[in-house]
C-alpha cells in the first residue's frame with residue numbers, strides 16, 4: 001500500500017509549456033439596438049402632391065395675400081369668406097366688369113375661394129405664409145421650373161447637360177492617365193535608387209511616348225464640336241460608303257447565286273444516284289398504213305404448180321436461214337414487251353404482226369413463232385399436235401429424203417361431215433398387223449371424200465339418154481354425191497385457216513419435198529379439215545404474198 005499524498009500535484013503553467021495565451025474576446029456592443037433607435041428617431045417625411053404644386057403656382061401668380069385679396073382677416077370664419085367672395089364676384093364678373101383683365105381676376109378669385117373654403121388647403125396656405133415657397137435648395141424648385149418649360153427649352157437644357165458631362169468625362173480620363181503615369185514614374189525612380197533590377201530601355205521609350213501623347217482636353221473636344229466634325233467626315237466619306245455598300249451587295253448576290261447553283265447540282269447528283277434504272281423512252285409508233293396494191297403485179301394464175309412449188313421451197317429455205325442467222329435470243333424484257341404489244345394490238349387489227357415486229361425490232365416470222373411457242377407452252381388444245389414435237393420430227397426426218405410415213409404420235413384426228421370413221425390404208429400384211437397392234441392408240445379417221453372416191457363406181461357411157469339416166473339409181477346417187485362434195489369444198493374454202501393449220505401445212509411441205517409421189521394427198525392428210533384443193537389454193541396464196549413482199553422490199 002502506498003502512502004496518501006499530503007499535497008496535490010501541480011500542473012505546469014501555460015508559459016512553462018511555451019503556449020501563447022488567447023487574446024481576450026472583444027467587448028460586444030449592442031449595435032442592433034443602436035440601429036433600431038436610429039430608425040425610430042427618423043421623423044416621417046411628407047412628399048409633395050399635385051395640390052401643393054398648384055398652390056405654389058397660384059401664390060406666385062397672384063403675388064398678394066389671399067385674405068387681403070378678399071378683404072377679410074386671417075382668422076375670419078368660412079361664412080365671412082363666403083360673403084366676401086359673393087361681393088367680389090358681383091363686381092369682378094366679366095359680364096359686369098369691362099376691364100381687360102376681368103377674366104384673369106375672376107379666375108384668381110375663384111381659385112382663392114377654393115383654397116380658403118377647404119380647411120386642409122387653408123392650413124397649407126397658412127404654412128406657406130409663415131415658411132415661404134421652396135427655394136433652390138429643394139428639388140421641387142427645379143421640378144416646378146422644368147414643368148413650365150417647352151420642348152425646345154427642354155432639348156436645349158438636355159444638350160447643355162450632356163455637353164458638360166462629356167467634357168467632365170474627358171477631363172477625368174486625362175487626369176486618370178496622368179495619375180497612372182505619375183505612379184509608374186515613381187515606381188521607376190524607386191527601382192533606379194535601389195538598383196536591384198535593370199530597367200528596360202524599351203519600356204522607358206514607351207513611357208516617354210505616352211507622355212507626349214497625353215494632352216489636355218481642348219475646345220474641339222466638346223460634344224458640339226465633336227458632333228460637327230463627325231457630321232462633316234460622314235458627308236465626305238458618304239460616296240465611298242455607298243460604293244462599298246454596292247460592292248458588298250454585289251458580292252452577296254454572287255454568293256447567293258453560287259449557293260443556289262451548288263444546291264441545284266447537289267439535287268441533280270442525288271436524283272441521278274437515286275435513279276437506279278432509267279426507263280427507256282417509249283418509241284413513237286408510226287401509224288400503220290397498208291401497202292397499196294396498185295403498184296404490185298397481180299398473181300398470174302396461169303403459172304404451173306411446179307414453178308409455184310420451186311418458189312415456195314426457196315422461200316421456206318431462205319426464211320429458215322434468216323431465222324437461224326438473224327434471230328437473237330429472247331430475253332425476259334423482250335417477252336414482257338411482246339405480251340404488252342399483243343394486248344395493245346389485239347386480234348383483228350390490220351397488220352397486227354407487222355406492228356408488233358416493228359415495236360420489238362424483229363422480223364415478223366420471229367415474232368409469230370415466239371408467240372406460237374408461248375401459246376403452246378401455256379395451253380395445248382385436245383386433238384392437236386404440239387409444234388415442238390412436229391419440229392423435232394421434221395428435223396430428224398430432213399437428212400433422210402425418202403418418203404416416210406408419219407408416226408402414230410403425230411397423226412391428228414378429225415371427223416368428217418357425216419361422222420363416219422375409217423382406218424388408213426396400209427400396204428400389205430404389215431399394215432394389218434400394225435392396225436391390230438395399235439387399236440388402243442388414237443387412230444386417224446379417213447376423210448369421207450377418199451371413201452367416196454374408192455366406193456364410187458366407174459362412170460358409164462356419156463351417151464346414155466337423159467331419160468334413162470333419170471330412172472337409173474346409180475346415176476342419181478352419183479349426182480347427189482357430187483353435189484355433197486361441192487358443198488363440202490365450198491364450205492371448207494369458206495372456212496378460214498387457223499395458225500395451227502398454217503403451221504401444219506408448212507411442216508408438211510418441208511416433210512414431203514417436191515418430186516415425192518402423191519405429195520399433195522399426203523399434205524392434205526396432215527392438215528385437218530382441209531382438202532387437197534384447199535391446200536393447193538393456200539399454197540398459191542402464200543406464194544403470191546411472198547412475191548408481194550419481195551416486190552415491196554425491192
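Each Cβ is built from the backbone N, Cα and C atoms, and glycine gets one as well.
Of the candidates 184, 304, 492, 529, Swiss-Prot marks one as phosphoserine, and that one is 492. When 463, 484 are looked up in Swiss-Prot, the one carrying the note phosphoserine is 484; the rest have no such note there, which does not rule it out for them. Residues in the topological domain 'Lumenal' (48-153) partition by DSSP class (helix H, G, I; strand E, B; coil) as 74 helix, 0 strand, 32 coil.
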